[in-house]
Each structure stands twice: as C-alpha cells, then as structure tokens.
Amino acid sequence: MTNESFKSGFVSIIGRPNVGKSTFLNRVIGQKIAIMSDKPQTTRNKVQGVLTTGTSQTIFIDTPGIHKPKHKLGDFMMKVAQNTLKEVDLILFMINAEEGYGKGDEFIIEKLQTMSTPVFLIVNKIDKIHPDQLLLLIDEYRKRYPFKEIVPISALEGNNIETLLAQIEAYLPEGPQFYPSDQVTDHPERFIISELIREKVLHLTREEIPHSIAVAIESIKGQDNGSVHVAATIVVERDSQKGIVIGKKGSLLKEVGKRARADIEALLGSRVYLELWVKVQKDWRNKMSQLRDFGFKEDEY
C-alpha cells in the first residue's frame with residue numbers, strides 16, 4: 001500500500017439529542033470516549049474519535065445535540081455544532097428510526113441547506129422498527145434533502161456498521177495520517193475522566209440533576225505502587241442538588257465513585273484511587289468564566 005493513496009478526513013456526527021451519536025462513536029472506536037446517557041444534550045465538548053485502518057484515518061467529531069438554546073451554555077453548544085459543520089469533509093446526519101421525522105430535524109435540515117459538505121442520512125435503531133416502516137421513513141427524508149447516501153444501522157447491535165465505514169472511506173479525500181495509529185481521541189485523559197464521572201452522576205440521579213452539573217479534575221497523580229490517585233469535584237448549581245448527588249449517608253456519591261473508578265481503571269490500565277467532592281457554584285451555566293474553568297474554551301468555537 002503506497003502512502004499516496006492513503007485517505008484521511010474529518011467527519012461530523014449531528015442529529016437531535018439522543019439519536020445514538022455517542023453509542024455509534026463508542027461502537028466504531030471501541031472505547032468509551034463520548035459520554036453516553038439517555039438525557040438530551042449530554043455531549044458537550046467536541047469529543048473526537050480517531051479510527052485508523054491500513055488505508056485511511058477518519059476523525060469523528062461528536063457535536064452537541066442541535067437544539068434551540070435556552071441559556072449561555074446552550075448558545076455555546078449550538079455555536080460549536082454549526083461551526084464544526086463548516087470544517088469537515090463529511091456530515092453524518094443521524095436520526096432515531098423509532099421517533100420519525102420531527103421539528104428538530106426540520107431545524108437541522110434548514111441548516112444543512114446552506115452547506116456544501118456531502119451529507120449521509122444514518123437511520124439508527126433499525127432493530128426497533130418493522131422494515132416497512134423503515135422504507136416509509138427513508139422516503140420521508142429523501143423528499144426533504146439530497147442525501148449522498150442513506151444507511152440504516154443499529155449502533156447498539158453493530159448492524160451495518162462495517163458497510164457504513166466503507167462508504168465513509170469512499171468519500172474521504174486523499175491525505176496524511178493526522179494522528180498515531182494507536183490514538184483513539186485527541187482529548188486529554190483529564191477530560192475523558194471528568195466525562196466518565198459526569199456520566200455516572202447523570203445516570204444515577206435521573207431527571208433530578210439534568211445539566212446543572214460539571215466535573216472539575218483537581219489532580220491526577222501516579223503513586224509509587226503503580227496506582228493512580230484521581231481527585232475530582234462535582235459542581236452543582238443548588239444546595240438541594242448537592243444533597244441529591246451525595247445521597248443518603250453518602251450512598252449515591254459512593255456508587256458514582258465505584259462505577260467511575262471501574263471505567264477510569266479500564267482507560268488508564270492501572271488501579272485507581274478516586275476521591276470525589278461535591279461543591280455548589282450558583283448559576284455556573286450562565287457565567288462565562290466558570291464555563292471556561294470546566295473546559296468550554298471560547299477560542300475553539
């Protein structure tokens with residue numbers, strides 16, 4: 001294989017909240033790099049997954065769910081999503097087969113009309129509907145936008161993923177290998193660790209603490225015995241939320257720690273001692289300086 005025919009490019013995954021973008025990314029890359037939760041808007045920064053094969057390198061950008069902003073954090077997420085689309089080689093517009101066409105999709109298709117980037121329609125969760133329904137759904141979308149390819153998949157089950165990856169590679173331009181072969185994301189470990197902790201809090205608190213939570217990593221230190229000490233603070237907006245995150249006699253926080261530790265150990269490949277605190281910072285979502293502390297960098301957007 002001569003290097004001249006090597007292909008590389010950037011692929012953006014967009015769609016309404018909860019269509020399975022993170023599940024797809026994690027299935028393709030084979031590691032838990034995008035936070036997965038069934039609450040809308042759980043992906044906040046541009047998590048990049050890097051897939052390298054003998055013939056190509058695909059850099060996936062997982063944009064926040066496109067939605068009409070409600071506050072500064074929402075504004076921020078919307079801006080990231082739109083700017084990302086201008087810089088990529090291919091856009092994967094993912095929909096949930098069960099939900100069908102909706103207002104949120106109209107909003108996204110409107111944005112796509114102004115772009116020259118090729119767009120694939122990815123119909124996810126096909127294991128949940130009848131094939132006849134699937135064909136009707138595909139027709140519905142085909143009428144509204146000239147998609148280059150339409151690919152039905154199940155990210156969770158892995159159905160049709162290989163076919164999709166081959167089609168993506170066909171659309172990539174020839175180019176260099178941007179990242180080393182063994183690199184799966186360009187986010188530093190500190191960021192991934194904070195996202196893993198955040199994911200556990202979202203899972204365990206359900207609706208009570210939707211997006212009023214950020215995780216700040218205070219320190220990551222290697223110990224003499226080969227283990228790693230991680231200290232992190234979970235930041236909430238109200239005192240009542242602090243009580244929920246800590247739980248009865250600290251039970252919920254303990255469970256967050258237990259689950260997060262298992263994932264962090266898998267990520268780092270060593271034993272981890274995880275220390276967690278909970279802190280209240282009122283209305284952090286509307287304060288830009290605090291957004292910056294939590295890794296939302298304005299200059300990237």
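Glycine is no exception: its Cβ is also placed from the backbone N, Cα and C atoms.
For the recorded site, Gly15 (GTP binding site), the DSSP three-state label reads coil. What Swiss-Prot lists as GTP binding site is 15-22, 62-66, 124-127, and the listing cites sequence analysis.
Residues or ranges marked as domain 'Era-type G' in Swiss-Prot (evidence: sequence analysis): 7-174.
Per Swiss-Prot, the feature domain 'KH type-2' maps to 205-282. The domain 'KH type-2' (205-282): residue composition by secondary structure is 33 helix, 28 strand, 17 coil, according to DSSP.
Annotation comment: Swiss-Prot describes 15-22 as region 'G1', evidence class sequence analysis. Across the residues of the region 'G1' (15-22), the predicted structure has a mean pLDDT of 81.
The region 'G2' feature in Swiss-Prot is assigned to 41-45; the stated evidence is sequence analysis.
What Swiss-Prot lists as region 'G3' is 62-65.
Residue counts for the region 'G4' (124-127) under DSSP, split into helix (H, G, I), strand (E, B) and coil, are 2 helix, 1 strand, 1 coil. What Swiss-Prot lists as region 'G4' is 124-127.
Non-local neighbourhood of Ile126 (GTP binding site): Ala97, Leu134, Pro152, Ile153, Ser154, Asn159, Asn160, each in the same chain, at least six residues away, with C-beta under 8 Å from its C-beta. The least crowded of the binding-site residues Gly15, Asn18, Lys21, judged by other CB atoms within 10 A of its own CB, is Asn18. DSSP classifies Lys21 (GTP binding site) as helix under the three-state reduction.
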